[in-house]
Each structure stands twice: as C-alpha cells, then as structure tokens.
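Below is one structure; the comments refer to it alone.
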Amino acid sequence: MDKRFFRDTWVEVQLDYLYDNIRSIQSLTSHHKEIIAVVKANGYGHGAVKIARTALEAGAKGLAVAFVDEALYLRQAGIKDSILVLGVSRPEDVRMAVENDLTLTVFQEEWIREAAKYVTSNEKVKIHLKCDTGMGRIGVNTVETLQSLEQLTSEYACFIIEGIYTHFATADERDSLLFQQQLDRFQEMVKSLKQRPTYVHCANSAATLRMNIEECNAVRAGIAIYGLSPSASMKAILPIPLKEVFSLHTKIVHVKKLKCGQSISYGATYTTEDEEWIATLPIGYGDGWIRKLQGQEVLVNGQRTPIIGRICMDQCMIKLPYYMPPGEKVTLIGAQGDGFISIDEIAEKLETINYEVTCSISNRVPRVYMKNGEIVEVVNQLLSHI
Ligand SMILES: *Cc1c(COP(=O)(O)O)cnc(C)c1O
C-alpha cells in the first residue's frame with residue numbers, strides 16, 4: 001500500500017458499493033427520473049470529489065451541495081457536471097455562480113432584484129425555485145408569492161428557471177400526515193406556474209425509497225447512496241438492498257498486561273478487575289470519535305471488545321480478550337471477520353442519526369477509496385499540499 005498517511009487510523013470508502021446503491025436507486029425510480037446525488041458536507045463525510053465522480057459514473061445526472069464554496073471545491077477538482085446549491089447564496093455571489101456554471105436556489109424577490117445588478121444581460125444564471133411546503137426552513141410558502149416570484153424573474157433575461165423543488169420534513173416516518181400534505185401543497189404550487197420548469201423534484205432518499213412521485217422527473221438522493229437507511233423505522237421496509245459505503249479502522253499501537261486494580265485514562269473511570277490485557281488505539285475525539293463512545297464495542301480478530309476509560313483527544317484504550325500484538329487491525333465501524341458494527345449502532349449509542357456519524361469523523365482521518373477490494377486512491381487532507 002502506498003504510504004500516504006503515517007498514523008494507522010483510516011476510513012475506508014467502498015466506491016463499488018456506492019455505485020451499486022445508485023444503480024439500485026435508479027432501477028427503483030424507473031429510468032426517466034434523474035438522480036441528483038447529494039454530496040454536501042464533503043459527501044456526508046466520505047469525501048465529496050470521489051463520491052461525486054463515482055455517482056456520475058453510476059448514472060447520476062447532477063450533484064447537489066449546501067453552499068457555493070462546496071460547489072467550487074468540486075469545480076476545482078475538475079468536475080464539469082451540473083451542481084445545484086441547495087442553501088441560500090448571497091446575491092453578489094451570483095458572479096461566482098455564472099463564472100462556474102452553478103445552479104442556485106432562489107425564493108426571495110429581493111434576491112432577484114439584487115442579484116440582477118451583478119449580471120450582464122447576455123449572461124445566464126440557472127436557478128431552481130424553492131417552495132416551503134411545511135419544512136419551515138427556506139422557500140416561498142404561498143402560491144401567490146410563487147407566482148409573483150415567477151413573474152418578476154421573467155422580467156430579467158439573465159435568469160433561467162430551470163427547476164422547482166421542495167423538501168420533506170417527515171418522509172422518513174411511516175404514516176406521516178404532513179408528508180402527504182407537503183406533497184399536495186407542492187403539486188398545487190407547481191401547477192400554479194405559468195411555465196413548468198425542466199426539473200420538478202421533491203424526493204429526498206426517504207421519499208425516493210417509499211414511492212414514485214409521478215409529477216417529478218428528478219430525485220435528490222443523499223443518505224441512501226451511502227448505503228444507509230433514512231431512519232430506523234424505514235430499515236424494515238427498504239425496497240432495495242443498501243450497502244454501507246463507510247467503515248472506520250485503526251491498529252493497536254501498544255499492548256500491556258495490567259494487574260488487578262489499576263486505573264485507565266483521565267478521571268480514572270475504569271479500574272481493572274483482574275489481570276487484564278489493555279491495548280491503546282490511535283484514535284480519539286479529535287478524530288470525531290467522541291467521548292460519549294466510552295463503553296462502545298470495537299472488533300478485533302472478528303470479536304467484540306469494549307472501549308474502556310475516557311476517550312482522549314488522540315487515543316483511547318480497549319480491553320483485549322487475550323494478548324494481541326501491536327499492529328493488529330481494529331474495526332470501529334464496519335465488518336471484520338464474522339463481526340459487523342453498523343453506523344446505525346454507533347448512531348444509537350450516540351442518540352443521534354446515522355447522517356451525523358459519518359459527517360463527524362473529521363478530515364484528520366485519511367479516506368482510503370476501495371473498488372472491488374483494491375485501493376484506488378488515498379486522500380489525506382493533512383498532506384494534500386505535499
Ligand atoms: C440534504 C438534502 C437532501 C438529501 O437528503 P437525504 O435524506 O440524505 O436523502 C435533499 N434535499 C435537500 C434540500 C437537502 O438539504
């Protein structure tokens with residue numbers, strides 16, 4: 001293996017799983033619906049560039065990110081495909097959008113008037129209008145404001161309304177009333193437009209997995225492309241297999257035999273109850289492996305064993321079932337031997353959602369990209385400039 005990092009702690013990203021997940025979603029949504037792969041927050045922590053490239057190879061027609069900087073990051077990497085910015089952009093940053101062919105989300109009339117000042121009449125800005133149908137975050141929330149926004153926009157030659165969309169608050173909950181209300185509201189808003197834009201989309205992963213929404217011709221798939229269920233309750237009703245793309249590994253760096261009654265780590269919260277083999281791992285809360293994971297099990301030699309004592313910034317300790325040498329691989333998330341620790345298990349331990357787990361593993365941890373069991377690339381943010 002090319003030694004592109006010098007501490008044995010790494011994330012493995014299975015690009016072939018990502019590819020398969022996208023193909024499965026595509027077959028589910030029928031082939032006339034376009035997939036917009038959501039790669040915000042550095043591809044949910046997986047690394048936006050590699051994820052974007054693989055998603056496009058697998059058939060995704062475009063990408064979505066949260067803000068302009070994230071889009072520019074993809075452009076800098078040479079990605080030329082369409083990128084929709086989902087969040088609010090500053091009107092003056094419309095220049096960046098024009099120069100880099102970004103598609104912006106718009107829902108305020110004042111934004112249109114302001115942004116127009118920064119664009120010449122022969123330049124074109126692609127926009128998607130955003131409807132707030134019940135999420136209460138961003139978007140126009142009445143038919144009247146949507147119609148007047150469409151009217152105003154049409155008065156400027158520089159804006160092209162390429163799409164219209166909304167976002168669901170409860171698509172991942174079975175039997176949600178709000179979900180149906182939002183869908184009805186969105187359909188009403190789309191119908192109220194004088195001209196139907198090229199792209200009409202509303203489904204996130206949860207909605208995509210649950211139903212085919214006839215009126216739409218694109219979906220915005222995030223969590224599902226990474227092989228994760230949008231919620232615990234949806235796990236039982238997934239219509240396609242999803243393969244977890246992300247796994248986290250380290251190696252034992254130190255092993256010692258302790259006598260009974262010796263304490264471990266800050267605060268001395270753990271005391272050996274017998275003669276015990278204790279190993280030190282080079283991962284800690286500075287890597288996003290946060291202190292609340294004290295007590296969480298890891299896999300070593302395919303067996304589960306607990307993290308003991310407080311997790312430090314860069315290191316933590318585990319109790320070994322028997323002696324193992326330094327250099328032994330430890331899996332914190334993912335498969336090892338017959339064992340498997342899912343991202344959902346970590347999310348449950350942290351009382352959060354799987355989305356937050358992969359996003360939280362910091363850029364300090366190198367991402368190793370794999371395809372069919374072989375390493376294809378290593379990205380180490382710390383050393384990316386050397
Ligand atoms: C993040 C996001 C998505 C993707 O949601 P998933 O649940 O990960 O599929 C889609 N649309 C918008 C507007 C988002 O912010």
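All residue numbers here begin at 1 and follow the chain in the order shown.
Keep in mind that glycine also has a Cβ here, set from the backbone N, Cα and C atoms.
Not measured: the values here are computed from a predicted model.
In sequence order, Ala48, Ala64, Val65, Ala66, Glu70, Leu86, Gly222 make up the list of same-chain residues 6 or more apart from Lys40 (active site, proton acceptor) whose Cβ falls under 8 Å from its Cβ. Positions annotated as active site, proton acceptor by TrEMBL: Lys40 (among others).
According to TrEMBL, the feature N6-(pyridoxal phosphate)lysine maps to Lys40.
In sequence order, Gly284, Tyr285, Gly286 make up the list of same-chain residues 6 or more apart from Met313 (substrate binding site) whose Cβ falls under 8 Å from its Cβ. TrEMBL lists Arg137, Met313 with the feature substrate binding site.
What TrEMBL lists as domain 'Alanine racemase C-terminal' is 245-370.
Shown in sequence order, Gly309, Arg310, Cys312 are the residues of the chain, 6+ apart in sequence, with a C-beta less than 8 angstroms from the C-beta of Tyr266 (active site, proton acceptor). For Tyr266 (among others), the entry in TrEMBL reads active site, proton acceptor.
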Secondary structure tally of the domain 'Alanine racemase C-terminal' (245-370) (DSSP, helix then strand then coil): 23 helix, 51 strand, 52 coil
All-chain count of other Cβ atoms within 10 Å of Arg137 (substrate binding site): 11
Local confidence of the domain 'Alanine racemase C-terminal' (245-370) - pLDDT mean: 98
